[in-house]
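J.: As annotated in TrEMBL:
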{"type": "DOMAIN", "residues": "15-56", "note": "domain 'UBA'"}
{"type": "REGION", "residues": "58-235", "note": "region 'Disordered'"}
{"type": "COMPBIAS", "residues": "102-144", "note": "compositional bias 'Basic and acidic residues'"}
{"type": "COMPBIAS", "residues": "159-199", "note": "compositional bias 'Basic and acidic residues'"}
{"type": "DOMAIN", "residues": "235-314", "note": "domain 'UBX'"}
Amino acid sequence: MLMRVCWQWWWQPSSMEATALESLIEMGFPQNRAEKALALTGNQGIESAMDWLMEHENDPDLDEPYVPPQGHVLSTEEPPEGRTPESVQSGSDPTLEELTEEDNRRPLSEEEKREQTKRMMELITQKQREREEREKRESIEREKQRRKQGQELSLIRQKLQEDEMKKLAEERRKEKLEEKLAKQRVREKIERDKAERAKKFGGGCSSSSQGSTLPEQSAPIPVPSSPSQEPPVKREYDQCRIQVRLLDGTSLTQTFRAKEQLAAVRLYVELNRKDNGDEPFHLLTSFPRRVFTEEDMEKPLQELGLVPSAVLIVAKKGNS
């Protein structure tokens, strides 16, 4: 009948591990941290434990007691390879013999402990300096990235502002062009109306002007008055000659139809005046003195008594 053999391994510190543990505790590390660092680095020495502690100093469970992993319980009908039933029965184990030899090692003297502690403190200082330099480089790199992103954002904002200014300038240019075209259409309409009037009434005006000069050259023939003579018929004029005196002393002269509204005269002045043409103005007559209102602008020239000719004066609003 074969014997069932069970092995259970437990973590037990050797004298060298105990010396490293004591050195770490003397350097100021808590015992739980020191034990955990030595165990999780495979007991490869104080330097490995120090590196592990530096890397895991922010772990939330760093100060919790170290719990060694539970050994595996194996059942087999034959002893494992390299082991004999006699060694199993007698309890002898090469690993245990090595542990016993390590336990018999000489412990460090006080001078060696101080020397080892000094080396560890220098190692800690070096590790801290390296970490500070690494953090400084990372901080400088982050600052460079932040400035680069700030410059990129500034360039983007500047480009957006330039695009907005270009858009506003283009809209303003289009508005001015449309306004200019509108004024040009009004001037063309006035010129067409003027040409039509000249074509339609040019001959009559010349004949009437010639007829008006005849009485000046020849003396009027007296006609005997008689009670049965009819009163002279009032002449109807189709055209009206308007002279407009501007603020700077210059004048504009234009012929209009008698039935045209006074607003046509004001529009003609607005389009052709050169004396600070953006200011609002009134139209008035000096004798008899009369200031034309907005209601008068809708009335024809013959109704306002401006036919066949009249002189109008441009005055600033508020000075009339």
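Just so you know, the numbers here start at 1 and follow the chain as drawn.
For all residues, glycine too, the Cβ spot is worked out from N, Cα and C.
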J.: Which numbers of helix, strand and coil residues does DSSP report for the compositional bias 'Basic and acidic residues' (102-144)?
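T.: Within the compositional bias 'Basic and acidic residues' (102-144) the tally stands at 37 helix, 0 strand, 6 coil.
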J.: Give me the mean pLDDT over the domain 'UBA' (15-56), rounded to a whole number.
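T.: Taking every residue in the domain 'UBA' (15-56) and averaging pLDDT yields 81.
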